[in-house]
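Input: a single structure, listed below in structure tokens.
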Amino acid sequence: MAATSQVLTAIARRLEGKVALITGGASGIGETTAKLFSQHGAKVAIADVQDELGHSVVEAIGTSNSTYIHCDVTNEDGVKNAVDNTVSTYGKLDIMFSNAGISDPNRPRIIDNEKADFERVFSVNVTGVFLCMKHAARVMIPARSGNIISTASLSSTMGGGSSHAYCGSKHAVLGLTRNLAVELGQFGIRVNCLSPFGLPTALGKKFSGIKNEEEFENVINFAGNLKGPKFNVEDVANAALYLASDEAKYVSGHNLFIDGGFSVCNSVIKVFQYPDS
């Protein structure tokens, strides 16, 4: 009975023997995903600039299954070091989850936007993703296998939901994802991105101006298309787990929406009307 239980446990681990590097892994989506990947058997390297939080995540996961690397994704040497450190520690890199991202102050008029803010967002959200892709590919191409996932956004395919800098940067993430999927397919490397709905992470709260988590969730639930289930960061982590696992072995170049159908809605033309029950 115990042997059967152990076998079932091993089968349930969808990333057994895999090694993952997660940028922005010290909080929010990255932290939750790091913990989930570890639960599914992966060794996880957490890269971030939030050192104290990063070390706390490693302590929560366990030092035998995770490590923390200080990494500013806008610095190529830092990204290169994070990749090399991961390979040196665990022997390989199977999964690169490029998740680090920022936003700028929410100024609705472009004439009020600052060039410095725009460049800062692109530096992290676009250049950072590019560097993670580049250095992941550097070690994955010789192995002829690997999996690169990036965090995009609903703003990767629609306008009006975020600042110009953030929207433009996430469109760029999707473009990089599709282009790299074409290049790296010949090596058996999959490249995908995730586009989540609004979440009460530090980034989401900062951009929306809503600090109270319950209030944030209520706003999202009211605005959302799919009523009933509450959207949370675990939903995004589970989507990342799917893309990272062999269950998605033939999925590449895909932008996976975790938005309850919001991105396909037309909020102006409302054909489907039910009387209040």
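Note: Cβ is positioned from N, Cα and C throughout, glycine not excepted.
A quick note: this is a predicted structure, and the numbers were derived from the prediction, not measured.
The NAD(+) binding site feature in Swiss-Prot is assigned to G24, G25, A26, S27, G28, I29, D48, V73, N99, K170; the stated evidence is similarity to another entry. Under the heading substrate binding site, Swiss-Prot lists S163. Here Swiss-Prot flags Y166 as active site, proton donor/acceptor.
Features as recorded by Swiss-Prot, highlighted on the structure.
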| residue | record | DSSP (3 states) |
| --- | --- | --- |
| G24 | NAD(+) binding site | coil |
| D48 | NAD(+) binding site | strand |
| N99 | NAD(+) binding site | coil |
| S163 | substrate binding site | coil |
When the number of other CB atoms within 10 A of each residue's CB is tallied over all shown chains, which of the recorded positions G24, G28, S163, Y166 has the maximum?
G24
Please give the greatest C-alpha separation between any two of the NAD(+)-binding residues G24, G25, A26, S27, G28, I29, D48, V73, N99, K170, in angstrom, as a whole number.
21
Which whole-number value in Å describes the distance between the Cα atoms of G24 (NAD(+) binding site) and the residue listed as 'active site, proton donor/acceptor'?
17
Neighbour tally for N99 (NAD(+) binding site), based on other Cβ positions within 10 Å of its Cβ:
27
